[in-house]
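S.K.: Encoded as structure tokens, here's the structure I'll be asking about.
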């Protein structure tokens with residue numbers, strides 16, 4: 001899939017913008033604080049209905065307006081789709097082909113994106129919540145049912161934690177009802193995550209071995225707070241551990257086990273990647289991003305759109321070449337932001353160049 005056209009009204013520092021793109025590589029050049037990242041953020045927001053930079057929608061609204069409108073024309077294998085998101089103080093409205101969508105799980109996945117931003121380099125050593133978010137964003141685009149089950153899980157988890165914080169003593173019968181619901185939704189969330197990580201590991205290791213010239217292997221490990229011996233009995237084991245932890249959870253005022261506490265670990269040649277070098281970290285993250293692209297296509301039959309936000313300067317020539325070779329081979333529409341073309345090596349033909357200045361975007365040329 002690829003985005004043919006994007007229109008922004010009152011988004012960040014863009015008062016009004018209408019732009020069309022190449023189905024291949026699109027490069028946005030400009031000094032810092034001109035709107036390059038805002039532009040990629042808008043594409044990300046149109047896809048996922050959320051920003052990767054802020055949780056406050058009001059920060060997305062142009063300073064002298066009260067509403068935001070984003071519309072995009074997306075070319076999928078199945079045909080052209082029009083997406084629209086409108087933001088105001090009354091909330092947000094999402095539409096597909098002018099039809100309002102009642103549930104996010106009906107909207108997300110229509111346009112898939114993979115974002116590679118500087119903060120992704122913290123994925124290995126950052127907080128566990130970053131790695132869970134990484135899984136949730138990809139799975140939510142690939143499997144809409146996952147978003148629904150995760151939403152139900154989080155709703156019951158909130159209810160259970162609220163009860164634990166307010167209760168003066170344990171009502172075992174009431175907790176048993178919540179435990180059953182939490183274990184049911186949570187087990188399905190974990191099953192989806194385990195299948196996804198197993199598939200992602202295969203793709204990521206293939207890319208990582210290519211980047212390292214066969215010197216390194218990459219493995220991923222989904223580490224659950226729920227102890228189980230096989231995937232088919234996650235529900236029973238989760239339910240048992242919830243019941244066993246009633247007293248501990250009551251004392252701590254929160255739920256001690258479940259997918260909300262699960263971890264994702266990375267290993268290079270069998271060694272925990274927390275102890276890897278900076279160069280190895282870059283190769284690992286690059287391998288993951290290329291694996292995301294490959295896996296989304298394998299599981300859905302359509303390519304995602306790749307957003308590279310000021311990361312090419314973080315990669316040496318070898319890693320840049322591997323990345324560009326992948327997107328060209330897979331025919332992935334790619335958006336790159338940079339302050340200068342000097343940061344990019346071995347650019348292929350057919351690139352569309354845009355210049356970004358103070359919230360305006362001007363097309364330069366197509367390189368043939």
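The backbone N, Cα and C atoms fix where each Cβ goes, glycine too.
Source: prediction; values computed, not measured.
Feature list, courtesy of Swiss-Prot:
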type    : residues                       : note
BINDING : 30, 31, 32, 33, 34, 35, 36, 37 : ATP binding site
S.K.: Name them in sequence order: residues not among 30, 31, 32, 33, 34, 35, 36, 37 whose Cβ is within 8 Å of the mean position of the Cβ atoms defining the ATP site.
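M.R.: The answer, listed by sequence position, is 38, 337, 339, 356.
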S.K.: Secondary structure at residue 37 (ATP binding site) (DSSP, helix/strand/coil)?
M.R.: helix
S.K.: Please report the number of other Cβ atoms within 10 Å of the Cβ of residue 34 (ATP binding site).
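M.R.: The Cβ of residue 34 (ATP binding site) has 21 Cβ neighbours within 10 Å.
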S.K.: Return the count of C-beta atoms lying within 10 angstroms of the C-beta of residue 30 (ATP binding site), excluding that atom itself.
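M.R.: Summing over all protein chains shown, residue 30 (ATP binding site) has 21 other Cβ atoms within 10 Å.
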